[in-house]
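Everything below concerns the one structure shown next.
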Amino acid sequence: SFIHTSDTTNTDINNPYVDVNTSSGTVRGHSIRVLGQPINEFLGIPFAVPPVGALRFAKPQAIPEPFKDVINSTVPKNSCIQMRYPYGNPLTISEDCLVLNVWTPPADSGQPLRPVMVWFYGGAFTVGSIFMSAYNGSVLATHDVLVVSVNYRVNAFGFLYTDDPSAPGNVGLYDQQLALRWVQQNIGHFGGDPQTVTIFGESAGSWSVSAHLTSPLSRGLFRRAIMESAAQLANKKRPILTKEEALVVAKQLARSMNCTDGAGSEWLECLRGVDAMKFLDYHPDSTYDWNLVYGTDVMPVTAQVAFDRHEFASDVDLLAGVTALEGSALAYYTYPVLQTDSVTKADFTNLVVKSEAIFHTENVVNITDYYLQGIDDHNSSAIRRAFFQFYGDVLITCPTYLFAKLFATYSPNGQSPGESTGRSGNVFFYEWNYGSSPGAIDDVMGVTHGADLRYVFGLPLTERDVNYTETDRRFARQAMTLWTDFAKYGYEL
């Protein structure tokens, strides 16, 4: 790593402000104490021109020149427009939301640059924010890494696809890429090493990480990757959403907003004029209507094809994994019948048929027979748990495992076309079996989707209003050490 020559005006205890010069302008953060250690916190640094007006649905634009005034990064900014989250701290939403947070140990002159971890949140590409308390990166930063979290556009604002180049789809992914370029350009000023960047995410954030591993536009922007519970392989070779299907979704949205869906781009211009909050009244047919679209410059081919052609970042170290019962919470809140104590085998089959409309890959009879073998017709809780297992397998566990396996299998010691590092990345897979989140529903849920998050971000060490045990705190320290050691060393074999 390079030796850091300080661009940071790190101040004494009487003046807790910290100024850093960046391509966005001079950013003013502040020094906070976390577990007895000083951490410099910068909240809501802008990395793009606000995507409003004609820039709604468009690729993000880099900030052309630094702001003249000091950017106040001591307070949270806007989250991207989304439905109100049922839990967590309330968010202020706006289209002007393309900002990132940075947490860093104080950077001293002459000190080696530290590894950087860049976080992408989950939320089915429809919700999520770096200002949710669950994603506070300050505790992770006490492990001698820089933590960056990135806001990206979600729902229609981030994933509306049209056949007009000014609204190409996938712009939430472009937001992430622009933030990664901002990190390359600026993170050295905070004491971070741009050559040792690890991207990590959970759920849709993990799906995003898998997309960066196959996107040609993300090459060289990171060295390591952590995928927590999701990957783009939920449909094998078929995209979860084709261009044609995505265009139908866009025109359904236009009709619902009284924008004509005729030829030309009038309907798109009309959508750009609709009040942003009105989009929250639109409920698409499927949770997966807002998703990555393939056949575009950022996502030219599906992951399976990218692996077949060796067109992926094979020199990146990868840590991927899943929780023990991924499907429980996801299915429980999606299908109300599962919230009852009277789930039948017929219910199981009906739910498999419903999910087939999303995944396009299933033999309903074979699946029902496989997951229900040995289960009594009247054992409702066992039938429900079998569906949780199936739903987690098809949505999260199998795609994540298959992605990691193909990534390892098709990494021919750095010989992939276009790769010149001469290095093949290390690949690791885990199953997360620990979780004692409070609540009576846990007996039903098991170690479910997202159970890892509170430990990865060290919440048991700082959240005082939750009854965490000493074992929880010990496990959180262990998890953070695993994650940050991977970011530092890639577990060199």
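Going from the start of the chain as shown, residues are counted 1 onward.
Cβ from N, Cα, C; glycine included.
Curation does not apply to TrEMBL; its annotations are automatic.
Record features, source TrEMBL:
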ACT_SITE  S203  active site, acyl-ester intermediate
ACT_SITE  E326  active site, charge relay system
ACT_SITE  H449  active site, charge relay system
DOMAIN    20-490  domain 'Carboxylesterase type B'
Given the active-site residues E326, H449, which one has the fewest other C-beta atoms within 10 angstroms of its C-beta? H449
Would you mind listing, in sequence order, the residues at least six apart from S203 (active site, acyl-ester intermediate) in the same chain with a Cβ closer than 8 Å to its Cβ? G122, G123, A124, E228, S229, A230, H449, G450
Within the domain 'Carboxylesterase type B' (20-490), what mean pLDDT does the predicted structure show? 89
